[in-house]
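Asker: Provided herewith is a single structure, encoded as structure tokens, for subsequent inquiry.
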Amino acid sequence: MHFVEVAVPVPLRQTFTYSCDILPEPGCRVSISFGPRNLVGVVTGELTAPENPDKIKAIDKIIDDTPVLDRVLLKLCHWLSQYYLHPIGEVIHTVLPVLLRKGESASPVDEVWWHAADNIDENLAALKRAKRQYACLEALVDEPVREGDLKNTFPSTIINALEEKGFIRQESKPPPLRPKMWLDYFDVAKKPLPDKEQAVAISTIVQSRSRFAPYLLEGVTGSGKTEVYLQAIEDVLAEGRQVLILVPEIGLTPQTVSRFASRFGIDIGILHSQLNDKDRLSVWQRARAGELGVIIGTRSAIFTPMKFPGMIIVDEEHDDSYKQQDGLRYHARDLAVMRAHTENIPLVLGTATPSLETLNNALTKRYGHLQLTKRAGGASKTHQQVLDVRDQRLQFGIADGMLSIMRQHLSMGNQVLVFVNRRGYAPALICHHCGHSYDCRRCERPYTVHRTQQRLQCHHCGGARPIPRQCEHCGENKLITAGVGTEQIEDGLAKMFPGVKQIRIDSDSVRGKDKLQRSLDDINAQKYQLLIGTQILSKGHHFPHVTLVVVLDCDGALFSADFRASEKLAQLVTQLAGRAGRASKPGEMWLQTHNPGHPLLQDLVHNGYAHFARQALDERKLSWMPPFQSQAVIRSEATNGELAWEFLEQVRTLLQSEVVRLNGPLPCLIEKRQGRYRFMLVLQSAQRKAINDLLRRALPNITSLPTASKVRWSLDVDPSDFS
DNA sequence: CCTGGGCGCTTG
DNA sequence: AAGCGCCCAGGA
């Protein structure tokens, strides 16, 4: 009789002891009965002497002979559980592909092969008049054929007919494992000669193979970061090792993938959020078997097992989409650091606009710092300027002076990009007579007016209603919109520049499969001259014909309650600037603002992101902010706001501490969402361990607070925003 | 007396 | 989280 600890997918911060006759390895799944239910758990370790022998149940079934979580991934799960203070069973549940959570087999599904039965000559003779059946049987004479391949040539009716006659039979067997299969046809296509900075970066990364070595690859847009990745990857692949590449949610385009695939002529594993469970499992299996040399994926791809781990790359490491915003709130970039450390392999964090966390690690020499400062092909930097809009007439949010600059660029046949951070027509609808504002009841925030759908839409909860004709409060017919969104600018510019083809790119306009990609292709084929859009335009796509970028409103971010708002604005502006222009057509960028003298804007515009970020780091240090201080947030929400607040008040008394500063309970930046009031309690300390220790000791008491079960609460370690 | 919903307890 | 027993209200 053996005893094992099993992690069970329930929100309890403990494992459960089960008995078994055969000892499963840690990382193997087991079927267990848990209370009145049957669940799939994962063995985390052996136990020699259980504490409550009378309570212990036996495992119903061991699902895996070989662990679904190898040593490294299991270790990572433990780290996640301890660092983010999240129940181990739920951690393991999030790490595993959906089908494996449900108990599906972890080994690849058997392949069906067709064999010719005995008496081949005789059978062939009998098929003299059935030409297709004859051909089909003949195809199987020398060797069995995989069903998929056979069906490419012959319809199933032919195959069925032969089977009925007993001339052929099928056999199922597991597909052969082909570890390092890319080495058979791995071939490097023509590659450009790296410039001096690229060459240094490549050789530095390559020299640190086979050991943990984190690097920040800080490369201005157009400096050829991807080429550095490619040449470093080449070396890892040639050694027979695998590379895991993380990309932001929106960056996983067919172009990105084909750039890697065509360079090496190999199969690439792709993992994105829209992949179905079956395909996801298949990539997981092929990566685990060591078949795939390169795996590219979004956030959760960091959990992909690798038989021959060689390197991890996190592209656009500053991107927000690496942070999971519910459940296990991990940061994939931070986890990549841990994973590379445990795998003992190099890690490359690439970006033109490093997060202050990563930049700090590079400046303090915890990470190697590789810099690419030159734009390839001698392309000149987009010239950035601030446009003072004070006292200027604004039409649909654009100053007259700005419109005339736009006219110049358009008349020269160039493309112009207008960035607005708001989709819809206008961010509010109000009555000009009585001042009544149309707010979503559940969120108590103004509805966004969507003219194309003729609806008011709440961007916090997704709720919608028709646009009223007259004021529901005073009955007057004087409803007006306030503020400017993409739709309104589209309308206004269409009237201002009739005959200029324009396209709007926001999450409303690009809904649907491949719509974004088609639109981007059309833009670069110069089917449009005016591009109006949101965030989406700032991510990864290059627009060589754009010579003017207009950013409509910087002011919000300069005075935001979120201390990261200015960092995010600087990243956005820099990324946008990098999208435009090329060697023969240098670009210019204008930032509309009511605060032209604001030091942040001035610094960004005159000295660039690299300088801005270093200044911002100094400021964070002086004001005791991350990354020099660690933070955690406990959020609480309930339809009864007082209850949500009271819970955090009680938590606060449980958390009194010398070394950890408590701030709150405060309303979240989005105070109400979907009918629930939201509050937060912020923990801050110079030592991350102090926060971790404090929370770990207090969690049992927090969980058992009577109010805890009456509110929805969650814990967020290293929060990236306070919404 | 029966039904149903809310609540709180337990999970090895 | 989720299944279950327990308790109490409400209808006949």
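Using N, Cα and C of the backbone, Cβ positions are placed for all residues, glycine too.
Pasting the feature list from TrEMBL:
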DOMAIN    A:206-372  domain 'Helicase ATP-binding'
BINDING   A:CYS431, A:CYS434, A:CYS471, A:CYS474  Zn(2+) 1 binding site
BINDING   A:CYS440, A:CYS443, A:CYS458, A:CYS461  Zn(2+) 2 binding site
DOMAIN    A:466-628  domain 'Helicase C-terminal'
Asker: Find the average pLDDT over the domain 'Helicase C-terminal' (A:466-628) in the predicted model and report it.
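Answerer: On average, pLDDT over the domain 'Helicase C-terminal' (A:466-628) sits at 87.
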Asker: Looking at Cβ-Cβ distances, which residues of the chain lie under 8 angstroms from A:CYS434 (Zn(2+) 1 binding site) while being 6 or more apart from it?
Answerer: A:CYS471, A:HIS473, A:CYS474, A:GLU476
Asker: In sequence order, which residues at least six apart in the same chain have a CB under 8 Å from the CB of A:CYS443 (Zn(2+) 2 binding site)?
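Answerer: Once residues fewer than 6 apart are set aside, A:CYS443 (Zn(2+) 2 binding site) is near A:CYS458, A:HIS460, A:CYS461, A:GLY463, A:ILE670, A:LYS672, A:ARG673, A:GLN674, A:GLY675.
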Asker: Taking the Cβ of A:CYS431 (Zn(2+) 1 binding site) as centre, how many other Cβ atoms lie within 10 Å?
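Answerer: Around the Cβ of A:CYS431 (Zn(2+) 1 binding site), 21 other Cβ atoms lie within 10 Å.
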Asker: Tell me which of the binding-site residues A:CYS458, A:CYS474 sits in the most Cβ-dense spot, judged by other Cβ atoms within 10 Å.
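Answerer: Comparing the binding-site residues A:CYS458, A:CYS474, the most crowded Cβ belongs to A:CYS458.
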Asker: Check A:CYS461 (Zn(2+) 2 binding site) against DSSP and tell me helix, strand or coil, would you?
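Answerer: Where A:CYS461 (Zn(2+) 2 binding site) sits, the three-state DSSP reduction gives coil.
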Asker: What other residues of the same chain, not counting A:CYS431, A:CYS434, A:CYS471, A:CYS474, have a CB atom within 8 A of the CB centroid of the Zn(2+) 1 site?
Answerer: A:HIS432, A:HIS433, A:GLY435, A:HIS436, A:GLU472, A:HIS473, A:GLY475, A:GLU476, A:LYS478, A:LEU479
Asker: Going along the chain, which residues six or more apart from A:CYS440 (Zn(2+) 2 binding site) have their CB under 8 A from its CB?
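Answerer: Spatial neighbours, sequence-distant, of A:CYS440 (Zn(2+) 2 binding site): A:PRO446, A:TYR447, A:CYS458, A:HIS460, A:CYS461, A:GLY463.
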Asker: State the three-class DSSP label for A:CYS431 (Zn(2+) 1 binding site), counting H, G and I as helix, E and B as strand, and everything else as coil.
Answerer: strand
